[in-house]
Amino acid sequence: MRLKRRAVPTHFHVLPLHSLNIPKQPKQLAVAERKPSFSERELAVVEETVEEWQLQKDLLKEEKADLTKALAKGRERVYWLLQRRGALLCLTEATAICHQPKSASRGLEQLLQDFSCQGHTLAQVTREKELLVHERAALEARVAAMERDLQGLSEQLAEARSVKESVQCSLFEAQQHVSQLEMVRSHLQLQVHTITQAKEVIQGDVQCLRHDLEAQRSLMKQEREEVAQQLQWTEEQCSQTLGLWERAQEEEKRKLLQNLASELKGQRLEMQELLKQQQNLMAEVEREHERTLFEMMQEAATMKAEQEKLLQEVEREKTALLERLCQTQVELLQTRQQLGQLRQQVKEERENGQNIKEKLEAELQEARSKMKAAERRQKEEMARLQEEISLLLQHREALQNQVLQEKAREKTALLEKLCRTQVELLQTQQQLEQRRQEVREERENGQIYRGEPDSEPVAAAAPSNEASTPQPENSSPSSSSSSRLDAEQLRELREEQSLKLLRSIVSVGDPLKKYTGWENIGKGGFGTVYRAFDAVTGGEVAIKLVNLHQQRKEELLKEILVLREKNHPNIVTYVDSYLVSQELWLVMEHMDGGSLTDVISETWMAVGQIAAVCQECLQGLAFLHSNRVIHRDIKSDNILLGLDGAVKLADFGLCAQLTPEHGKRSSMVGTVYWMAPEVVRSQPYGPKVDIWSLGIVAIEMLEGEPPYFKESPSMAQDLIARERTPKLQNPWLHSSLLLDFLNCCLQRDEERRASAQELLQHPFLQSAEPVSRLVPVIIAAKQSREYRR
């Protein structure tokens with residue numbers, strides 16, 4: 001029986017991985033966004049191939065089951081044939097043993113024939129078996145190949161699934177990214193819409209600004225035409241005045257040449273007479289000088305005796321005070337000993353087991369009260385000692401000052417006569433030298449320099465300069481946008497006018513001869529300050545040397561005019577001024593106590609002393625404001641002190657003179673930390689900006705520095721413009737009167753801010769101590785400053 005063979009496909013159509021273009025790793029998000037349809041097509045192809053492979057696998061499994069069944073049947077047939085063969089072998093052995101008759105042999109032959117037939121069938125079965133074995137081997141080889149193919153396909157399937165998952169993840173991310181992009185796109189569309197609206201608004205504003213600029217340009221053209229007309233008019237007037245002045249000079253030259261000879265002769269005769277008179281005066285002065293010296297020696301002896309008496313009294317008071325201190329110390333020692341005894345008793349009683357806490361507490365309280373009372377007494381006595389010592393020192397200094405003043409008066413009285421004669425001689429010599437110099441200049445240049453004709457036009461130009469100075473401060477935006485050349489020309493004209501005024505104001509002479517004993521006492525951005533003594537009177541002065549190239553001449557002129565014309569006890573006294581080469585030498589009163597900044601940085605001031613300084617400054621400011629002058633740079637550096645407690649305002653280089661036409665200013669001038677908000681914001685302001693600065697000085701005296709002093713100037717300027725009124729760090733430590741005074745000074749609204757005259761009536765200033773109480777603080781600051789040097 002022959003087994004039927006089923007047709008088994010020998011070749012399977014397996015697609016390679018590279019032909020499918022399936023990426024082994026997930027690509028970037030951009031690639032997945034670009035080709036989503038391509039990956040889906042590949043996945044469909046892979047799924048079809050997987051289905052084909054699954055069908056082929058099922059067919060192979062069925063064929064394998066059929067083959068196993070056929071092999072089982074073949075094995076059963078072979079087993080049956082082997083049994084038959086064993087039986088035949090047994091029969092052959094039986095025939096060989098048994099010798100039976102022919103009938104039996106026939107039966108055996110038949111059996112042999114049957115066995116031969118069966119042998120043929122056995123050979124056929126063996127051949128079929130061999131064929132089955134070969135087929136089985138081929139099938140096993142095919143099955144192994146198919147299994148290998150299936151393993152490859154399974155690996156490809158796993159890879160395809162991973163690629164599919166990665167592609168799905170990338171597609172999901174791409175969808176999220178696309179949604180985000182759509183949101184961003186909508187947001188950008190909204191922004192573009194708003195930007196377009198803003199652009200339209202800006203375009204409208206630009207058009208308005210263009211119209212405004214055109215209007216301003218037209219106004220500027222008109223103003224320039226007016227200025228040109230004014231310049232032409234001034235040039236014509238200048239040419240006329242120059243012609244008149246030249247004619248007058250020519251006439252004066254003739255008259256001077258005629259009068260010079262006669263004047264020189266008369267001056268020679270006068271000089272001879274003056275020399276005789278001076279010799280007589282010198283003899284009389286020497287006699288009077290001897291008399292006054294004898295009288296001064298007697299008075300000095302009497303003064304020394306009085307000083308010795310005062311010193312003895314002071315020493316006696318000191319010994320008495322020291323005895324009081326020793327008594328208080330003895331009492332303190334006694335109380336401490338009593339406390340030690342009490343503690344020893346407590347220890348002994350605790351050791352003995354006694355309990356007398358109430359007695360001990362009472363005794364301890366009594367001892368503590370005694371200690372506190374002794375400490376109070378000691379503090380009171382120390383304070384009283386310090387007050388008495390300060391009073392004695394003040395009395396001593398007052399006596400010394402009186403003695404020195406009397407001596408100075410006597411010296412001045414004696415030297416006045418000498419000075420008069422010397423001054424007369426110097427004046428005559430100067431007149432002669434001036435005449436000689438004029439003659440020389442006339443001979444060399446053909447012209448004679450006269451100060452009087454030049455001073456008249458300069459004096460006439462002074463009010464125009466004062467009236468023109470506020471114009472850039474209160475000018476409109478159209479005037480601020482003028483050309484640079486015009487501004488530079490105006491600035492040069494102002495500087496020239498200021499220099500002419502300075503030449504007409506300053507004194508003529510050599511300050512190095514007039515002042516002696518020069519000592520450098522300070523240096524800053526404005527120049528150098530020296531202390532010197534008047535060679536004639538012996539008075540002490542401060543001389544400030546200012547370089548004309550480093551500071552505006554207009555500011556120097558303002559300072560000189562204010563100091564010369566505005567005399568007040570709380571304003572530094574102006575003495576004289578000189579022009580030496582390219583420097584202005586400004587001679588002022590010397591304040592030997594230094595500035596308020598030194599006292600603030602070196603010592604601590606009491607509330608009464610702070611009130612005294614504020615009161616003195618307000619008196620000076622009230623005087624300035626009544627004369628329509630704004631200081632604009634009130635700070636502790638510009639408040640000077642004397643050793644007698646005097647408080648005076650200084651440094652008027654930034655001051656402003658108000659006029660009825662220009663009652664406000666708007667330029668940002670001063671030091672940032674002391675500026676008022678309206679000055680920082682460049683708004684129109686008046687004299688009350690000095691009141692704000694004084695309030696900041698009061699905070700500086702209380703806390704050691706002004707508000708925002710640790711910030712940079714630009715940050716401080718921004719804080720002053722935006723923040724509220726500056727406050728004290730610990731307001732609960734100060735009285736309500738002081739806080740109200742600061743509130744009146746530091747009102748951000750200039751109209752609500754108090755004036756200097758109103759603040760002088762404030763109740764806080766009633767607590768002001770006499771200025772003499774400032775002397776110990778000034779001396780302590782000066783000593784500490786000298787010690788650090």
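Even glycines carry a Cβ here, placed using N, Cα and C.
No curator has checked TrEMBL annotations; they are predicted automatically.
Noted in TrEMBL for the protein shown:
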BINDING   Lys544  ATP binding site
COILED    43-77  coiled coil
COILED    122-163  coiled coil
COMPBIAS  436-445  compositional bias 'Basic and acidic residues'
DOMAIN    515-765  domain 'Protein kinase'
REGION    436-489  region 'Disordered'
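Summarising model confidence by region, the coiled coil (43-77) averages a pLDDT of 76.
Taking the Cβ of the residue listed as 'ATP binding site' as centre and 10 Å as the limit, one finds 22 other Cβ atoms among all the protein chains shown. DSSP gives Lys544 (ATP binding site) a strand state.
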